[in-house]
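A.B. asks: So that we are looking at the same thing, I have put the structure below in C-alpha cells.
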C-alpha cells in the first residue's frame with residue numbers, strides 16, 4: 001500500500017501528512033512527513049516488529065535517561081534516536097502501526113559503497129567506538145540490539161560525525177529484574193538477524209546477549225575495512241546451518257579469520273575479536289578495555 005498523501009493521527013491527536021517513500025526494509029517502510037525533522041515508519045500491525053520497537057522507545061529511549069547515562073559515563077554521544085509519537089491506521093482490510101521518529105541522513109552502507117566498499121582503519125575504529133558506546137547503554141538497560149550492520153547505522157542530517165544505530169525490531173531483553181535470561185534454546189528464534197552478521201548464539205536459538213552484539217560488531221568492522229568474511233557468499237544462498245558452522249570454525253582461530261577475510265590481521269581486531277570470543281553468555285564485558293583496544297587503531 002502507498003501511504004503518500006494520507007493524514008495519520010498519532011496517540012497525542014497530532015496529525016502527520018505522509019510524503020514520498022524514502023526507504024523500505026524488513027521492518028517497515030519509511031516516508032517523509034510534513035515536518036522535515038521527522039519521518040514515519042509504517043508496517044502491518046500483525047507483523048509485530050514495530051510493536052517491539054515502540055515498546056523499546058517508550059520503556060528505554062527516554063531523553064532524560066540517555067542524558068543522565070552520558071553524564072555518569074563521561075560519554076558525549078549515544079547513537080539512539082527517540083520516538084516523537086506513534087499510532088494505528090486502519091485501511092479497508094489491514095490495520096497498520098506507525099511510529100514518528102527523527103529524520104536522519106545517509107546510512108553507513110551507502111557511505112561505504114561510495115568509497116569503493118572500504119573505509120580507512122582509523123574511520124572503522126572510530127565508528128566501532130561509537131557503536132560500542134551505544135550498545136553499552138542498551139546493555140546496561142538490559143537489552144541487546146540483535147541486528148548491527150552498516151545499513152542500520154545512520155549519519156546525522158547536519159553533523160556527519162554523529163552516528164545512530166537504528167531499527168529496533170529485533171531488540172531482546174536479556175536482563176529482567178537484575179537476572180539474566182537462562183541459556184535455553186528457542187527453535188523459533190534460530191538465525192534471527194542478518195545472516196552474514198548473526199552471532200553464533202542466535203544461530204542456535206539463544207537470546208542475543210551482550211557478547212552477541214559485540215561479536216556482530218567485530219564481523220562488521222572486518223567488512224568495513226574491505227574484507228570478505230569466509231561465509232559472506234554462503235550467506236547469499238541462505239544456508240543458515242552452513243553459515244553457522246563456518247563461523248564456529250573460526251571461534252578459536254581469530255588470526256586465520258582475519259587473514260582469510262583481509263589478507264592481513266590488524267592488531268586491534270585480533271585483540272577485540274579474541275576478547276569477545278572469551279566472554280561467557282552471561283558475562284558483562286569490560287567496555288573500557290574494548291574501547292581502549294579500538295582507540296589504539298585510531299592513533300597507530
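Just so it is clear, glycine is given a Cβ too, placed from its N, Cα and C backbone atoms.
Grabbed the feature section from Swiss-Prot, which reads as follows:
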type     : residues                               : note
DOMAIN   : 16-282                                 : domain 'Protein kinase'
BINDING  : 22, 23, 24, 25, 26, 27, 28, 29, 30, 45 : ATP binding site
ACT_SITE : 147                                    : active site, proton acceptor
A.B. asks: Round to the nearest Å and give the CA-to-CA distance linking residue 147 (active site, proton acceptor) with residue 28 (ATP binding site).
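C.D. replies: With the alpha carbons as reference points, the distance is 15 Å.
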A.B. asks: If H, G and I count as helix, E and B as strand, and all else as coil, what does DSSP give for residue 24 (ATP binding site)?
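C.D. replies: Once the DSSP labels are grouped into three classes, residue 24 (ATP binding site) ends up as strand.
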A.B. asks: Only counting partners 6 or more residues apart, tell me which same-chain residues put their Cβ under 8 Å from the Cβ of residue 22 (ATP binding site).
C.D. replies: 30, 31, 32, 39
